[in-house]
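Record features (Swiss-Prot):
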| type | residues | note |
| --- | --- | --- |
| MOD_RES | 394 | phosphoserine |
| MOD_RES | 397 | phosphoserine |
| REPEAT | 42-82 | repeat 'WD 1' |
| REPEAT | 86-128 | repeat 'WD 2' |
| REPEAT | 136-175 | repeat 'WD 3' |
| REPEAT | 177-217 | repeat 'WD 4' |
């Protein structure tokens, strides 16, 4: 038996029946759950019930099977007063009131009342004091319990009834109900109108005292699933004082926790089934163990944030975790959140803006110095700079950011995807580069624009079975355009099988284009130049000078100086920096002084200047200044390549121009492994749009959930160059997302452009065009007016559909009647002519005529005015252009005697 102290001090009264003692204990939860005993009262045999009074001197009452009631003091443990009944019989239940009264319920006796009330102070001074009141009935009492903060007493009688007694009067029933649930009465501390009691076989009922005079007093019955009628049952009910509606039950060596919630009833007079079980969890006890008591436990009574169930298992304490019930919630396609708690629904809009397109995206520049990001575009450098320049000053500030649901939902990737779609984020790579705010995605789309233009213009020429289009530096340098994994990279690194052939092809491309691309290392120079060209780094000297001048005009002198350094124009670095601001002029003086004093051939000598330059390379924030001083300090390009704040594109250009062959191969392998694993999308400049690039994109999705960008990028090469199941999954996920948002037009454009991109170098479309989802069928023969590419589709058609808008392709001559049954086609309600003629578009099989694809699409757009259109309300039809012209000035249907009003006006 276990009861928590009413003083809320974390202590418990524990009846140890095997030792005939009662202990006043606390629970020591760490490092191991154990008792911490404060007081022990011994020689208390056959204790059947206990209760405590929470006054200044906490008093414990213990009733025994002989009827004796022992009064024990926590403040004075040596004190003990024993109240002896006139006739020996079990004391079944005790209850202390707020007004210092003690009520005891006894088993039935022929000669003495079974319900007695004493004044507590009188008993403490004289245990033989007579009761203030006693019941006139002689029925046995199984359970007694006071309603919180009231003089009303609830009693359960062995005559199978529950009574409400006003203790300000005689102990006679004010109201009562006949029920089999009369044992172990406990009152809900949060809702005193509710109380729980159990029957002999262990079923539990929840009562509402407000309906005792009606037939609706029973709220819910909780059946006991562990009934063992032949075995004696140890039963206990405990309400939690920390969370409303939590009821713990001990029955047949099994512990059950239920979360009870009240229903909302429109009619207050009807209370049937007004309580329901929202959550239930069972805590089984091992068969060879015995649980002798339960109660609720929390490590801190002042801040009860973590409530547990305390059970006495084999006389030792054991804690059972109490997990809150799962709160149902759901997101809609627009990232709004709604959740339910109890009987209410709580919607949370993702932002206070009208649309997600108005949501300001999460701006990393609030936390990172702006100059660092202006000159750095790699994903890895962003992470580095964020962690380097920022730290959370306090847990409170971090907590506030995490709890701002507007910001969390508004900057969620789903909101970002929706915002991009509305702005036209599709297959125009140049436009995509302008739409995205992330600098590394800007560079990525710029490279895809370059690669797509090179592929469309056949810039690399006819190279036979070797295709350099959409290739990155890795595939070109290792002379393997079909890299699928890192193992292929390592194999290609050692292979020399196609070296002569690829070098010859690369030399032919460079000579044909007449390009003068700078590389400091002359070995495999055509291959280096081709890799630089494919990565968008193939600037000639004239292009380099133009780019440097453009940067100087934009006052980006440091970036211009870095660009000159990366192209071997070391003498121009000082001149460019000297034309900048005061700080840049000072830095140019330092660089010039070192170059003048040491000379280019002595960069590696130890000197004070070298040490200062090395320190500056780690302390400066601008990545280009860091790179300049990293090179000046040691004249070693490896130090510059270790500068992670530089964009991957810049580091790749340095490696291709200045590293020897073996060092370049090793560096590209290491860089590839890092970028693929991290999912850095700028790494596609290295891997290209290859199966290995698809692996990088998969890791990018795993890190960002940006399936939109991955699906768009993959469409440039899948299925035109190779098949990839991952890319197909991304595409279908993105299409499904657009459909959920009901952006059917954008999804249709996505499908159309994907089909156009799937055209290979021979003009063949490798992707099957998406079938239209709307058909116009004849209302008489139920066959499609426009022929299908697959004639068998005509056999399984739905019921006649006459309302809708057809978007079929260009048609052959149809005339004014159905091509199948000859019935006349509907007439235009504006012009009166038939809706079918030779200009009405129908579906055609473009996969058979790929060379006419763009021409036919443009033809469809020009003929849109002659397409079928029908009112969804009245069913009258018209040519699309005629309907548009009519309803631009009218609101009523043009058919006489039809009063259908346009819903869009």
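For all residues, glycine too, the Cβ spot is worked out from N, Cα and C.
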Surrounding residues of the repeat 'WD 1' (42-82) on its own chain - C-beta under 8 Å, 6+ positions past either end: 1, 3, 5-7, 13, 15, 17, 19-22, 24, 88-96, 100, 102, 104, 106, 120, 123-124, 127
Averaged pLDDT score, the repeat 'WD 3' (136-175): 89
Residues in the repeat 'WD 3' (136-175) grouped by DSSP into helix, strand and remaining coil: 0 helix, 21 strand, 19 coil
Counts by DSSP class (helix H/G/I, strand E/B, coil) across the repeat 'WD 2' (86-128): 6 helix, 17 strand, 20 coil
